[in-house]
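Before I ask anything, here is the structure I am working with.
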Amino acid sequence: MSESQSGVNDRDREPNFFVVGIGASAGGLRALEIFFENLTIDTGAAFVVIQHLSPDFKSLMKELLERRTRMAIYRVTDGMKLEPNSVYLIPPGKNLFLEQNRLHLFEQEARSRHKLNFPIDIFLESLATNYADRAIGVILSGTGSDGTRGLQAINEAGGFAMVQEPETAEFDGMPRTAISTGVVDRVLAPRELAQTIERLVRSPKAPQMARQDSNSFLDTDRLQRISSILAQYEDTDFSHYKTTTLSRRIHRRYLISGCQNFEDFIRLLESSSEERATLRHDLLISVTQFFRDRLPWNFLKTRVVPDLIDGAQPQEELRCWVTACATGEEAYSLAILLEEAIARSNKSIRFKIFATDIDKIALEKAARGIYPLTIINEIEPRHIERYFTRKSDAFQVSRQLREKILFAPHDLTKNAGFTNVD
């Protein structure tokens, strides 16, 4: 193997190519074969395939894919350096993560009732952290929900999330769960996924996303025109949105749209309600987690919530307001803290949480309270047992907790805030 593939002493240059992370499980082999046979050998991107493989499984994936593509294919070893126009395969029994542009392996932990292993999520989240808007996540056939959190991380970082069309997948659990997040950019058959990704990574505009100042590819006039279109048709004012974020998100949608130039994209926005709604939803970036950012949540748990409970009178109803609640994880996290604190206090106290956002799609998901199995690694086991019900490839928040939260649309820039809250 060449030094450029395995050496750790050579100086790592800052990569300027796309990395495509592909998650596949049951039924994924045929999808992978079709995907790679529809790619040229010089896309300029690197491809990393993450499969669910037991430690004692002898994988023939390398030999099978070598029949479908002339790209170099490697079984990953620890410290291996990513190179473009290459395919990297995870070995059995390992988890894989990316740091700078090197691949690192570590042993999978033993699965238990309260601890599951999600190798696709682990890699895609590291891909999002290191490659941001040059990250592309792809979920193919498989059961369960692995890859869902990873796609959300890639979307939040400004990358691209794509999923195999469930009707073409032998097992549609992973694709359908990923689609349910609302962050997926394209849902296509494997052949079309390959073609779309090749067009994207070859776009002459694509490298600017990570290399140039945002104004180099989206000037003030275009930003204002697009903001005006969204304000007129979608009743949402993005004119005070952070310029860099607004520019990158719009440019990302432009690349995905396939338009030949930006004027065509603006005309598409003017004529297509679907494209406008998609861009609006993309700009809102409704990505969060349960108990995200442990420090403030610990402060709430140890200081704020106990003070609220101590100051409450018997039979009193505490009223809390969670703004910009996205898909509900923070609201439910607060509800769990309140439930636990009230139980410890032995007081007869009720509470109601008002959770608001301007994204109606996110609010609908929040009200349903259905989340992928990956949340088992975000929430304490005892809280999973008490407040969630297992439903096939997902968890649903208990009715008891859902009934204590009112999810409603609210725009902080236009509407007055809630009154009489604690």
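Cβ atoms are placed via backbone N, Cα and C, with glycine included.
The annotation domain 'CheB-type methylesterase' is assigned in TrEMBL to 13-204. Annotated active site per TrEMBL: S25, H52, D146, in sequence order. Here TrEMBL flags 223-422 as domain 'CheR-type methyltransferase'.
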Suppose you look only at the domain 'CheR-type methyltransferase' (223-422); what would the mean pLDDT be?
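The answer is 90, the mean pLDDT of the model over that range.
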Select one residue from H52, D146: among these active-site residues, choose the one with the most other Cβ atoms within 10 Å of its Cβ.
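Most Cβ neighbours within 10 Å: D146.
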Check each residue in the chain of S25 (active site) that is at least six apart in sequence and keep those whose C-beta is under 8 Å from its C-beta; list them in sequence order.
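Residues satisfying the criterion: Q51, H52, I120, S141, G142, T143, G144, D146, F171, M174.
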